[in-house]
C-alpha cells in the first residue's frame, strides 16, 4: 500500500465540505461567469464552427458588448457592467495567435453565435427553461444580425438588444410584448396595445387604405391586417424588455410604470411583478451597491480564445472492486463503442489505468482510421488487479501526464474518469485538477464511489454520471455517448438513436423496430452486447429488405460485443432487429445504434437531457428537462420519457411534457420537463431520456423559441410612416418522413435526507402557473392546468380560489383575500385543463358594498388560487390573473385618442395634404360628436 500524506486530506476535505454548501452555479470555480465589485468577469461568447470565418464578427461582438456595458450600467442605476469578456473562436478559423482554451467550450457559453435554422430569421433570442427570476441557458445571435447594420432599424442598436437578452438570461425576466395577443381591452374598456410602459404612444394602421374605425374593430378585438406603429420620438423611458430600440427607452419598467394589465409573459410568469422588481431581487443587485460618482466604468476587456487539437485520456479503475457486478465487462463494452464510434476523427487519445498507483497503457495516438480505433481498443484493460485500494488521484495524475505529452500543458484537454472505489483521499487532487485547465468527466460505478468523485467534475466543468450495478442498465454506454467534443458542431457528433436492454429467457428473443431518419445515416454503427457465453443469433433487416446476420457482425468474444458499421449512408426508414438468446440461461441483451448527420444541408434532431440542480435535500423535488431540437428549432408533440435509476430499487419511468404547466414554464418551446420526487433512498440517481416521434403527430415550432428581441416593422416619424424592410423569415423546414428517435444520458444527481421506511406525505401539489381569467358578461371564467397530488402527478383534492380588487392583497396577503365558493369544483387529473365560472358581485356582500358607490365605473378583479391534496398540503399561490369588470351593457371598447387610422407610407405626402387630412378628420369628429348613437364605437389614438 502506498504511503500518503495525512495532512493534505484534512485541508482538502474542509474544502469539499465548503463546496457542498455552495450553490451548483458556484461549484464550477475553474471558469465561468462571476460578478465582483459591480463588474461581470468571464462572460463567454462562442462562435459556432459552422460560421464562415469573418474577423468583422469579432469586431462587432466587441462593439456590441461595449455599448451594452454602458447601457446596462445606466439601466441598473450604476450597479453592474461587463468587465472582461472571452470570445471563443472556432478551431476551423485561421490561427491568429489566439490564447488556448482551458475549460471553456462552446457548450458552456453564455452567448452563442450560430446560423439560424429553418424559419426563425435573425431574431436574437434567449433560451429560458426556468421560472421567474431564474437564469436561462444561453443567448443566441446570428452572424447576419451581427454583420448587417441595416437590421438595427428593426431590432435597435446591438448593445441595447444585448441588454434585453441579458435580462432574460441572467435575471429571468420575460418579454413585455405578445405577438399572439398584440391588443387587449383594459379596465377603462379601451383597446390597448400590449406594451410596457403604457405611456409609449403610436397610431393604428390599416393595410387596406384609409378606413373608418369600424373596419378595424370586430367583436371588441382588432381585425387581421390592422397593426400599430409607434412614434419614433417618445417621452417614455421604459421598458427595455418591451422595445429597447426606442431612443428614449433607458430603463426597465418599475412599480410606477409597469403595465400589469398587458397579457404578456412577464405578467403571467412573474405574477404581475415589474421587470425591475424581479431584477432588484436578484443576488446580483442585492449584493451590488451603486458605484459612486457620475462617470462610466472602463470599457470591457476582451480575450480571444481558440481550441487546439482535441486531446482525451481515459482514466480507468482496475482495482479489485471493478470485478463486482460485471463492472469491467460493462466498461469494456461502453469504452469500445466510444473509441470505435463516438470520439471524433483527428482526436488524440490516451489510456491510463489505476488501482493504488497509476499506469500509462497507451500514450497519445491520433485517430485517422478504423485501424487506429481498433488499436486503442486493444489497450483497454482485460482484467482487474488484486489490489483492493483505489487511488483516484494517482490515476488523475497519470492522466495529466498523458495529455501534457501534446504541448506540455493540460489546457483544453479532457479526462474521462471511470471508478468503482471510494477514495477518502480524493481531496488531495481537487485544487490541482481545478487549476489544471483540463475538464474531467466522471463515471461512478456503484454507490460507494458516487458521492465524492463527482467533485472533480464540478470543479472542472465536466459531466458526472452514476452507473448502477445492474447489467440491465445501459447507463454506461449512454454516458460515453453523451461526452461529445463540446465544439457545437452537431454535424460531426455521434447521435444515439437506439438504446434497448432486456433480460431474455433461453431461446426467446429481443425484437424491435427502430428508425434511421433522413437527417442521420452516415457512420452508422449497430452494437449488440451480451452477458455470458457466445453471441446471440442476430437478424437485422434494413428498409429495403436486405438482411444482416450474425456473420456480418465483427465479434469480440473477450468484450462480448458484436458490431456492424453500415458503409456509406444507412438507408433511411425503419430497421428491424431480432436477437435470439441461444444460451441456456437468461441474460441481458443490449442493442445500441449510433449515427452521424447525413448531410450538411439538414440539421439532425438532437436531445439534451439535464436536471435543474445536481443535488437536493428531501423533500425538495428535482426538475428533469429535455431539450429537443432540430438544429436550433424546437420540436413539438414528441413523446419524451425519462428513466431514473436509484442506487437501490427499481427504475422510475416518467413522461416529460411541454405544456407550459407544472415544471414546464413556456408551452411549445421544445423543452420538456417534469417534477421528480419518487425518492427511494438517499444517494445517487442516474437519468436517461428517450425521445420518439411519429411524423403524423410531431411538428416544428413556428415562432422563435424562448424570449427574443422584437423586430419593429416601422415607426411614425414627423407624422410620416417609415417602414422597415420586411423581416427575414428564413426557409420552411423539410418535414421528416419517418419520424425519429434519440437517446441521451442526463448525468446523475444526488438526494440527501430521504427517510428510511414509510414516512408521511411531504409533497404538495405544484404551483399553478397558467391561470387565465376572462370576462363573459357579468361573470369571470377561470381556466388553468390541473396540478397533481404530488407536484404534477396524480390528482389533487380541492382548490382554494380567492379574489380582490387590490393586487397587494392577493399577492402579499392571499389568506385574507375574498374567498370564492368552489366547493362544487371537482379537481381533474394532473395535466387536464380546468375551467370555473363565478360572478364577482355575488361572491360576498363585502364586495357588493365595496362596489355600491361606483357600480357603473370599471374596476379590476385580481384572482389567484392554490391546490390542496388529501394530506392537506397546499401548493404555492398561483400566478395572478386579472379581468376588467363593470360598465353598462352593450358598451364597446374604444381606442384611447382621436379617431384616425393611417395607411401606407406617407413620406411623399406634402404638408398641404397632411393639413387637409387633419381638417377632414376634425370635421368627421365634430359631426360624430353630434350623433350619440355612434359614440360608443369611438376610435382614438394611443
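For all residues, glycine too, the Cβ spot is worked out from N, Cα and C.
Per Swiss-Prot, signal peptide is recorded for 1-32.
In the predicted model, the topological domain 'Extracellular' (33-905) has a mean pLDDT of 90. Residues annotated as topological domain 'Extracellular' in Swiss-Prot, with sequence analysis given as evidence: 33-905.
For the recorded site, residue 74 (N-linked glycosylation site), the DSSP three-state label reads helix. All protein chains considered, the CB of residue 74 (N-linked glycosylation site) has 14 other CB atoms within 10 Å. The N-linked glycosylation site annotation in Swiss-Prot covers 74 (among others) and is backed by sequence analysis.
In the three-state DSSP assignment, the secondary structure recorded for residue 97 (N-linked glycosylation site) is coil. The Cβ of residue 97 (N-linked glycosylation site) lies under 8 Å from the Cβ of no residue that is in the same chain and 6 or more residues away along the sequence. Look at Swiss-Prot and you will find 97 (among others) tagged as N-linked glycosylation site.
A sphere of 10 angstroms centred on the C-beta of residue 168 (Zn(2+) binding site) encloses 24 other C-beta atoms. Annotated Zn(2+) binding site per Swiss-Prot: 164, 168, 175, in sequence order.
Positions annotated as N-linked glycosylation site by Swiss-Prot: 231 (among others). Note: residue 231 (N-linked glycosylation site) has non-local neighbours 201, 202, 203, 715, 716, 717, i.e. same-chain residues 6+ apart with C-beta under 8 A of its own C-beta.
Per Swiss-Prot, N-linked glycosylation site is recorded for 235 (among others). Counted within 10 Å of its Cβ, the other Cβ atoms near residue 235 (N-linked glycosylation site) come to 9, all protein chains included. Residue 235 (N-linked glycosylation site) falls within neither a helix nor a strand when secondary structure is assigned with DSSP, and so counts as coil.
As annotated by Swiss-Prot, N-linked glycosylation site applies to 254 (among others), with the evidence given as sequence analysis. In three-state terms derived from DSSP, residue 254 (N-linked glycosylation site) belongs to neither a helical nor a strand segment and is classed as coil.
If you draw a 10 Å sphere around the CB of residue 286 (N-linked glycosylation site), it holds 10 other CB atoms from the protein chains shown. As annotated by Swiss-Prot, N-linked glycosylation site applies to 286 (among others), with the evidence given as sequence analysis.
If you look up Swiss-Prot, you'll see 311-483 marked as domain 'VWFA', on the strength of sequence analysis.
Residues or ranges marked as N-linked glycosylation site by Swiss-Prot on the basis of sequence analysis: 522 (among others). Residue 522 (N-linked glycosylation site) counts 16 other C-beta atoms within 10 Å of its own C-beta, drawing on all protein chains shown. In the three-state DSSP assignment, the secondary structure recorded for residue 522 (N-linked glycosylation site) is strand.
Secondary structure at residue 580 (N-linked glycosylation site), taken from DSSP and collapsed to helix, strand or coil, is strand. Within 10 Å of the C-beta of residue 580 (N-linked glycosylation site) there are 17 other C-beta atoms, taking all protein chains into account. Positions annotated as N-linked glycosylation site by Swiss-Prot: 580 (among others).
For 637 (among others), the entry in Swiss-Prot reads N-linked glycosylation site, with the evidence type sequence analysis. Residue 637 (N-linked glycosylation site) carries neither a helix nor a strand DSSP state and counts as coil. For residue 637 (N-linked glycosylation site), other Cβ atoms within 10 Å of its Cβ number 14.
The N-linked glycosylation site annotation in Swiss-Prot covers 821 (among others) and rests on sequence analysis. The Cβ of residue 821 (N-linked glycosylation site) has 11 neighbouring Cβ atoms from other residues within 10 Å, across all protein chains displayed.
Annotated topological domain 'Cytoplasmic' per Swiss-Prot: 927-942, in sequence order, evidence recorded as sequence analysis.
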Taking only the CA atoms, the spacing between residue 74 (N-linked glycosylation site) and residue 522 (N-linked glycosylation site), expressed in whole angstrom, is 52
Cα within 10 Å of residue 168 (Zn(2+) binding site) is the criterion; apply it to the glycosylation sites 235, 286, 580, 637 and give the hits in sequence order.
none
Per DSSP (helix/strand/coil reduction), residue 175 (Zn(2+) binding site) sits in coil
Long-range neighbours only, meaning 6 or more apart in sequence with Cβ under 8 Å: which ones does residue 254 (N-linked glycosylation site) have?
238, 274, 276, 277
Least crowded of the binding-site residues 164, 175, counting other Cβ atoms within 10 Å of each Cβ, is 175
Not counting 164, 168, 175, residues with a CB within 8 A of the CB centroid of the Zn(2+) site are 126, 165, 167, 173, 174, 241, 707, 708, 709
How many Å lie between the Cα of residue 637 (N-linked glycosylation site) and the Cα of residue 580 (N-linked glycosylation site)?
34
Consider the recorded positions 164, 175, 235, 286, 821 and say which one has the Cα lying nearest the Cα of residue 580 (N-linked glycosylation site).
175
Do me a favour and check the Cα-Cα span between residue 164 (Zn(2+) binding site) and residue 522 (N-linked glycosylation site); whole Å is fine.
40
